[in-house]
Amino acid sequence: MTVNSSLKRNVFGRGTVILLVCFFAVSVICPLAAMLVNLGKADFPALVSDRGILTAALNSLLVSSAATVISIAVGGAAAWCVTRTGVKLKGLFGVLILLPMLIPSISHGMGLIILFGSNGILTRLFGLSRGIYGFAGIVAGSVMYAFPVAYIMISDILKYEDSSPYEAAEVLGIPKFRRFVSITLPYLKKPMISVIFAVFTMIVTDYGVPLMIGGMYKTLPVLMYEEVIGRQDFVKGSFFGLILLIPAAAAFLIDLFCKNDRKSGNVRHRFEPGRKKGRDIAAFIILAVISVCVVYPIVSFIAITFAERYPSDMGFTLRNIENALRKGAGGYLLNSVLTAFLTAVIGTAVAFICACFTARGKIRGGKFLHLMSVLSLAVPGVVLGLSYVLFFKGSFIYGTYAILVLANTVHFFSSPYLMIYNSIGKLNPNLEAVASSLGIGRFRLIRDVILPQTKATLAEMFSYFFVNSMMTISAVAFLANIKTKPVSLMIPQFEAQMLLEASAFVSLLILSANLLMKGAVLIIKNHGRKRKDA
């Protein structure tokens, strides 16, 4: 290996890191700084003493706390049933539980209106006195939206717990309750703090569910949406954005602390639950009830999409689909697919390149780049959207697909980045040393070794970017115009026009597109696995 080739590799690495840091500075730091600077125009005494804002803040705290507790309880129960029992149809239940993650949060609120609204299907069937609006509706919708995330996180925690201490405790005759208190709770303590804050932040910063079903029960994100979208009051919006940044930033810091403080080690014995009839029947019932609660609102979309006039005439018709397409649903769906595809391509590429330098390289600035890569976890979508309006307004990308792609890439960047960061970090630690001794450059190492080894993870990353970009309504609500509007923003538009049937059809379009993407990724991963085994 010559001095010149070594120098070239060093320059290439440092140059790439500098470009990536500049990317995050322009796409995250500068927009947030613009929002904070805009706060200088705010009348803080008036805003702090505003009863409407104080009430909305209290409402947000109450509904988010209640929904977080229920989401974690439901997600935890489902995770335990799947990972710690021998229940049948685990694969099917796992798919059904994750269905809510494929539609916008606002669709969950709409599903509850269809079922439990003033003229809801179940409201009339059971003769209920009033609809599920306000506090109860927001909590129910938020649980449907957030509990799959709790399920995934808790499943991951339980999946990697070592079974050896439990086996030893069983041999010693220690009762099950004492095992739970002495072994399970200490193990879950710090990981569950991350779960609690992640779910709470997800709920407290969402405006989709409360906008659809909250009625007069206002939350801070809804006030922010109304002030910025409805009244174009960016100063007030910046104030709300600052408040919403607080729980998100707290969750980010706590998650970092818990991960850094968590002891790492190999799992010697994973849980292999045997068959226990009573326990497995109970688990089956729990999973079946959760699955029905998840699927029924989605099935209701199908019912009213083809209904003549919900709720008075449930006769079959295709008129609602024709009406939605006539109002532009087809064109806006293409907007969404284009934006989601570009976001997935660019986001996956940038996340992969970042991880190649932060997970494997010892380049100066690598740790700072890693911090920047996970920083978007601390920025709610509504805050990101407003900050982009303030920073990019008047620029050449404002009002184009480019700003939607950039916003979505930054908004959803952290999770795919951490996926590939962990995958690359698990590869043979001597790869760089061997490549260096053979005179192989970093680019060839990435192309010929790292890239083929991480194809499955890259497919999951692509899917994550695509699915979330298809269904997001947060940042894009502030940035889209009539030409670039994604189809997800037609849901509140149709609902405001009392066209629930058309809103349901749009939700089904988004669900179908996301299911097709998930199916394609599954086929690619299975094909890759078969080739590897061959």
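Any Cβ shown, glycine's included, is placed from N, Cα and C.
Annotations in TrEMBL come from automatic prediction, not curation.
Over in TrEMBL, the protein carries these features:
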type: DOMAIN; residues: 57-255; note: domain 'ABC transmembrane type-1'
type: DOMAIN; residues: 333-518; note: domain 'ABC transmembrane type-1'
type: TRANSMEM; residues: 12-37; note: transmembrane segment
type: TRANSMEM; residues: 57-80; note: transmembrane segment
type: TRANSMEM; residues: 92-117; note: transmembrane segment
type: TRANSMEM; residues: 132-154; note: transmembrane segment
type: TRANSMEM; residues: 195-217; note: transmembrane segment
type: TRANSMEM; residues: 237-260; note: transmembrane segment
type: TRANSMEM; residues: 281-307; note: transmembrane segment
type: TRANSMEM; residues: 332-357; note: transmembrane segment
type: TRANSMEM; residues: 369-390; note: transmembrane segment
type: TRANSMEM; residues: 396-420; note: transmembrane segment
type: TRANSMEM; residues: 461-482; note: transmembrane segment
type: TRANSMEM; residues: 502-524; note: transmembrane segment
**Prompt:** Out of 57-80, 237-260, 281-307, 332-357, 502-524, which stretch has the largest tally of CB pairs under 8 angstroms to the transmembrane segment (92-117)?
**Reply:** 281-307
**Asked** Is the number of Cβ-Cβ pairs under 8 Å between the transmembrane segment (237-260) and the transmembrane segment (369-390) three or more, considering only pairs separated by 6 or more positions?
**Response** yes
**Ranked first among 57-80, 281-307, 332-357 for CB pairs under 8 angstroms with the transmembrane segment (396-420)** = 332-357
**Asked** the transmembrane segment (332-357) vs the transmembrane segment (281-307): three or more C-beta pairs under 8 Å (separation of 6 or more)?
**Response** no
**Complete:** Same-chain residues at least 6 beyond the ends of the transmembrane segment (57-80) with a Cβ under 8 Å from one of its Cβ atoms are 93, 97, 135, 138-139, 142-143, 146-155, 157-158, 192, 195-196, 199-200, 203-204, 210, 217-221, 243, 283, 286-287, 290
**Message:** Quick test of the contact rule: Cβ under 8 Å, at least six residues beyond the ends. What residues does that give for the transmembrane segment (502-524)?
**Reply:** 99, 102-104, 107, 110, 114, 298, 300-302, 304-305, 320-321, 323-324, 327, 329, 333, 336-337, 340, 459-460, 462-463, 466-467, 470-471, 487-488, 490-491, 494-495
